[in-house]
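Report on one structure; see the data block that follows.
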Amino acid sequence: MSAAARSQAKSAQLNPNWPHYASAALTVAVLIGSFLRWGLLDWTDPYRCQSYLITGQWNDPGKYTNWQPDGCMHMAPNNKLLEQCFTPSPEQTNPFNAHTATESARTVRFIGDSTVRSLYFAAAKLANPKLPASAEEAGGEKHSDRDVQVDVGGGAGRELKFEFWWDPFLNTTRTKNYLSRSSDDPTGLLVMGTGLWYLRHPSSGGIQAWTKAIDQTFENLVDSQPIPSFAQPPPYVAPVGAKGGALPSRGIAQAIMFVPVPTANDDMLNSERAQTINHVDIDAMNSDLVARLSHIVSPERPPVVVPSVFNELLVPELTPDGIHYADHLIKKQAEIMFGWRCNDVASTVNGACCRKYKPIRPVQALVLLFVCGWAPLSLLLRSKAPTFAAKYSSLLSPPSASMALASFGFAIAYMFVADRTTVFLKEQKAYNPWVFGILMIGWLVAGCLTTVKRDKDMGFLNREQTDEWKGWMQIAILVYHILGASKISGIYNAMRTLVASYLFMTGYGHFTYYYKKKDFGIQRIAMVMVRLNLLSVVLPYTMNTDYVFYYFAPLVSFWYFIIYFTMIVGHQYNDKPAFMLIKLAISAGLNSLLLSHGILNEKLFVVLHDVFGIVWSAREWNFRVTLDIYIVYGGMLASYAYIKATEYRLTDKPWFPSVQKGAIAASIAAFMWYFWFELSLESKFVYNKYHYIACFPLIFGFITLRNSSALLRSCSSRLFMFIGQISLETFILQFHAWMASDTHGVLLVIPGTSWRPLNLVLSTVVYIWLSHKVSSATGEITEWFVGKPKKAKTTLPTPATANGADPASSVATLVEPSKAEGVPESIPLMNRDDESGDFEKIGLYGPGSSGSAAGTSRTAAQLGKHWSWLMTKANENPAIKLGMVLVVLWVLNLLY
């Protein structure tokens, strides 16, 4: 082949970095597309309140329990929401719900025909499930008034009152008088509806009479309800719940809803009803209602909403008589009614329909600006204004870490825009067993297709194997989260064991390191803690959450310190088996004793709140820690057992093959027992009581089977290894970059529920790319902040064999040179860094820098001198540097 031909062939080859460029381009396209949609199409309905009342679809056809609005999340109301919405106590009253809980404000009044009555029963039953769901269940005269009081948490004298006035034509004197008079104490919510009785009884005047009744009703509403009370109007109109006039202080009701005429199923109507009721007339009546609101501008526009979506969610097959529908469908209408009325004043979920997002806090804005803008601004100044940059170099990001800091800041900015603004749409999760199975099988096939076989035995729990283990577990957990499968006990139980497996590897990896290296210095601690917690510390200040919310990093950090203190106590005797085993037993006993008393955690968290301004949930933390209270010790014991087995060459003993076969048989039995046990329990709450013990057989069984032959030890999946190497980032970024509203929902990178499968593919690509970039950036930032590992002398690695693989060498054998010099990768389960344990101290602003302020002006010389001295001390001692960071975080907590 000629040189020209070779050159042409080479130029035709695909750039090996094309996945990176394609993912970056997709991320930019997603951002631009979302901003354009938000600015051009959704500016009049940023909180999706209008679309909430207009359209949606069922996520579970056949069951009809999961209703999905267009672009927002429908949240079923609970008693707490109803209490804060209708019966707030004085201390609960806030600018977004600035009314007092008078009897009228605590009243939800329904006026109309039998379809409105069905809504009344559904609403009352939402507040108290023990109440009847229909007039037939309630008994008594069907065509009569009804009322019931429900305690939703306000206590005696503060019950929520539901009233139904039977008035199928909306023409009784009581109704007319009520609608024509304003009051200083308006009703909490008014729901009206009519139509079918006008069609059913032509003698009433039919559609013409209905039109006159609607005219009169809406005229009365305009005269007596001066303040528009539909929730979340366009941004230029003061919404319900806004300070200074959100809820009407005078009028008929604080919010008014006029339900559409229900769509009739002509095939299910009896002969008498079929003669006068037909869907053509019903469609005409509903079109008239919508036209009255869409073609009239304020102040003549009636202060009422017509939820057309009520008919959208009706299922023609689920009606016994053609006009009255199944109770669970009417229940969904009641949920939407309460969501429209209450989400903005009581819901705590960002992304819920009809709810404004939490306003950004001043400290939050400052931290966001610093994290996202410091590095890009520094890069820009060094490029466009080098003289200025040189003069104030001490205030700019370090050149060695600027790109990493910029990548990290971009990811934070993406998550903020995606999950803390209305730029991206959000929808709720939808569990489907078929989808769950297809995704799991699909990932398994992809993992198998990317399997590679090495030329030698890689050893017990080698690096590639543990990365692969982390990877496929992370994928399983992600599928579990995105589909909301936690409600399925059998799946939840298995996922709990996967989390326990991560903690097992934490114990195994750190025990191996400290036993072999005996490096208990602050440099190692700082490296692990910064690498592990950087994201989990920054996100609470930028996303207005808390550190424990990203529970895995705090959990692994806690267990890291348990391992550290266990290993450092009497470390000079760690080589004595009796001492080591007794020490591990004492550590486990003390830890169990302290954690079993939740009161200690509660007191500690009170101190954290009072002194440091930290607000964490002691109950949630205690649950997380005690759930896997012994598996870390299992990992430490497994590491110690393997080290000793290697030391005594037990695999060379003649009886070892028999023991190995027995272990394989026992492992298979352990798998069968575990799944029988966890599936036989009545709920996941019961399983949680046994999990701390039940997880052991499955984890040890998997390890035994995965390492049962040299062939299995030499094979690993590239796909799973890749995900495993960024497992910490994928776990944390899923909260805001893949899922939405702090994992309550799903983030949409393209609009439209029908495009959910394509959305999953595109959002996953963006999310994995961001996780990969953040993983690399966090490693570089950690090296800059703490120190860079020294390059070890080039030596030939000790071959890892099935019979004599050294634990430390089996951990490091497969690491490429570039990776072996890095910081702990992802979750520090197996140590990826610095086998010698030594680190080169570098300046805060790069190698050889003392952090001096020589470039500052003469007028700031004294300040620069102090700053230089402080930075020099910080560079010499990572503990000082970490202490400075903790002080800054303390101040931020107090100011937040």
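Cβ coordinates are placed from backbone N, Cα and C, and glycine is handled just like the others.
Note that TrEMBL annotation is computational and uncurated.
Below 8 angstroms of C-beta separation, residues 46, 414, 417, 422-424, 749-751, 762-763, 765-766, 768-770 of the same chain, each at least six residues beyond the ends of the transmembrane segment (20-40), sit close to that stretch. What TrEMBL lists as transmembrane segment is 20-40 (among others).
TrEMBL lists 349-793 with the feature domain 'Cas1p 10 TM acyl transferase'.
If you look up TrEMBL, you'll see 365-381 (among others) marked as transmembrane segment.
For 401-418 (among others), the entry in TrEMBL reads transmembrane segment.
Here TrEMBL flags 430-452 (among others) as transmembrane segment.
For the transmembrane segment (472-495), same-chain residues at least 6 beyond its ends with a Cβ under 8 Å from one of its own Cβ atoms are 428-432, 435-436, 439-440, 443-444, 447, 501-502, 675, 678-679, 681-684, 687, 691, 717, 720, 723-724, 727, 730-731, 734, 738-739, 743, 746, 760. Taken from TrEMBL, the feature transmembrane segment covers 472-495 (among others).
Sequence annotations record features per position, and here TrEMBL assigns transmembrane segment to 525-543 (among others).
Packing against the transmembrane segment (549-569) from elsewhere in the chain are residues 499, 502-503, 506-507, 510-511, 514-515, 520, 525, 528-529, 532-533, 535-536, 539-540, 583-584, 587, 591, 620-621, 624-625, 632, 636, 728, 731-732, 735, 742, 827-828: each is 6 or more residues past its ends and has a CB under 8 Å from a CB in it. According to TrEMBL, the transmembrane segment annotation covers 549-569 (among others).
Residues 562, 565-566, 569-570, 618-619, 621-622, 625-626, 629-630, 633, 636-637, 640 of the same chain lie 6+ residues outside the transmembrane segment (581-601) yet bring a C-beta within less than 8 angstroms of a C-beta in it. The transmembrane segment feature in TrEMBL is assigned to 581-601 (among others).
Under the heading transmembrane segment, TrEMBL lists 621-643 (among others). Remote same-chain partners of the transmembrane segment (621-643), defined as residues 6 or more beyond its termini with a Cβ less than 8 Å from a stretch Cβ, comprise 460-461, 496, 499-500, 503-509, 511-512, 515-516, 548, 551, 554-555, 558-559, 562-563, 566, 580, 584, 587-588, 591-592, 595-596, 598, 601, 605, 688, 691-693, 695-696, 699-700, 703, 807.
TrEMBL lists 655-677 (among others) with the feature transmembrane segment. For the transmembrane segment (655-677), the residues of the chain that approach it from at least six positions outside its boundaries are 494, 497, 690, 694, 697-698, 700-702, 704-705, 708, judged by C-beta separation under 8 angstroms.
Residues or ranges marked as transmembrane segment in TrEMBL: 689-707 (among others).
In terms of C-beta pairs under 8 Å, the stretch of 401-418, 430-452, 689-707 lying closest in packing to the transmembrane segment (525-543) is 401-418. Confidence annotation: the domain 'Cas1p 10 TM acyl transferase' (349-793) carries a mean pLDDT of 91 in the model. Using a Cβ-Cβ cut-off under 8 Å and counting only residues 6 or more beyond its ends in the same chain, the transmembrane segment (689-707) has close neighbours at 460-461, 465, 469, 493, 496-497, 500-501, 504, 626-631, 634, 638, 663-664, 666-668, 670-671, 673-674, 677-678, 681, 713.
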